[in-house]
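Asks: One structure follows; several queries about it will come next.
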Amino acid sequence: MGYPEVERRELLPAAAPRERGSQGCGCGGAPARAGEGNSCLLFLGFFGLSLALHLLTLCCYLELRSELRRERGAESRLGGSGTPGTSGTLSSLGGLDPDSPITSHLGQPSPKQQPLEPGEAALHSDSQDGHQMALLNFFFPDEKPYSEEESRRVRRNKRSKSNEGADGPVKNKKKGKKAGPPGPNGPPGPPGPPGPQGPPGIPGIPGIPGTTVMGPPGPPGPPGPQGPPGLQGPSGAADKAGTRENQPAVVHLQGQGSAIQVKNDLSGGVLNDWSRITMNPKVFKLHPRSGELEVLVDGTYFIYSQVEVYYINFTDFASYEVVVDEKPFLQCTRSIETGKTNYNTCYTAGVCLLKARQKIAVKMVHADISINMSKHTTFFGAIRLGEAPAS
């Protein structure tokens with residue numbers, strides 16, 4: 001191929017200075033000193049580096065020239081004129097043959113190279129365009145600088161040309177015709193499959209706890225059917241409260257078995273040494289010191305009394321009274337017979353209308369007698385017969 005020959009032609013001038021340098025460093029065949037040998041090697045190294053950079057610049061120049069020729073040919077095929085800044089450059093670079101070995105090697109892809117993807121090709125062409133524009137501005141500073149805008153304009157022309165070649169006839173046919181009204185909507189498609197189940201939602205706020213206040217009672221329901229009789233329960237204890245409520249309105253007092261001298265032991269002659277046998281506390285009240293019996297409820301009362309007396313000092317009779325509020329209500333008098341014993345009893349009773357807070361008592365009339373307070377012979381009591389008759 002032509003490429004290796006060019007490489008040999010370029011590398012031959014580099015070999016001659018290397019031989020001349022080696023002869024100069026030898027100093028007519030004499031052995032060189034260590035310092036001069038190092039300087040010669042350093043010089044040869046820089047010279048080789050400069051030559052390699054020149055070769056690289058030349059290769060880039062040739063590649064840029066071939067690329068510009070291809071773009072110029074594409075513009076001529078599209079029928080567009082070149083930019084003013086690139087006309088002189090393209091004419092000056094037109095002397096190189098695009099079919100030369102170096103141009104074909106640098107500008108065209110090798111047959112073994114695999115085609116790139118569309119995105120990769122666009123990136124590669126953009127990087128090549130930027131590199132080529134920089135080289136053109138470097139080698140031709142007198143002409144109008146190339147910019148990326150011109151390269152984009154060229155690429156847009158290429159794309160528009162290719163699109164016009166593919167869709168041009170169809171678009172030309174449609175020119176001049178008005179678009180018709182849109183057609184009716186098509187039938188709806190079949191429903192798609194159900195989507196996946198979504199995540200569970202956030203739990204709600206717990207409710208306020210209710211109150212335990214009891215509501216108003218409802219209306220009474222209808223009575224149910226009568227149930228069977230139950231078993232007989234055990235006998236209960238007597239109800240003291242019921243017994244007390246049903247207790248009869250009576251009081252009975254009796255003596256405590258003592259012997260009393262009226263003159264020495266009684267104050268005012270009223271008997272007070274009583275022992276309660278029965279008494280309804282809701283109707284009667286006993287005053288132990290004074291010996292008086294107080295009535296708590298208005299009504300009609302039956303009052304009775306008996307006293308056993310012992311005669312002394314030749315007294316031939318005995319007498320006592322039943323007083324109500326210190327006023328005589330009943331009186332009993334008994335005389336002694338000649339040749340009889342000195343003991344004797346006297347009994348009296350009567351019915352009286354009494355008001356609440358009135359007091360009953362037994363009062364001795366004569367002071368020269370003694371009283372035998374035996375529980376069987378001396379007693380005093382009252383019975384409430386009922387309400388007082390209306391007057």
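In case you wondered, yes, glycine gets a Cβ from its N, Cα and C as well.
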Asks: With reference to Swiss-Prot, specify which of the listed residues C332, C352 is paired with C346 by a disulfide.
Replies: C332
Asks: Just checking, which of C332, C346 (disulfide-bonded residues) has the fewest C-beta atoms within 10 Å of its C-beta?
Replies: C346
Asks: Quick check on the domain 'THD' (249-385): DSSP residue counts for helix, strand, coil, in that order please.
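Replies: The domain 'THD' (249-385) comes out at 4 helix, 85 strand, 48 coil.
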Asks: Can you count helix, strand and coil residues in the compositional bias 'Pro residues' (181-203) using DSSP?
Replies: 0 helix, 0 strand, 23 coil
Asks: Given the model, what does the mean pLDDT over the topological domain 'Extracellular' (63-391) come out as?
Replies: 75
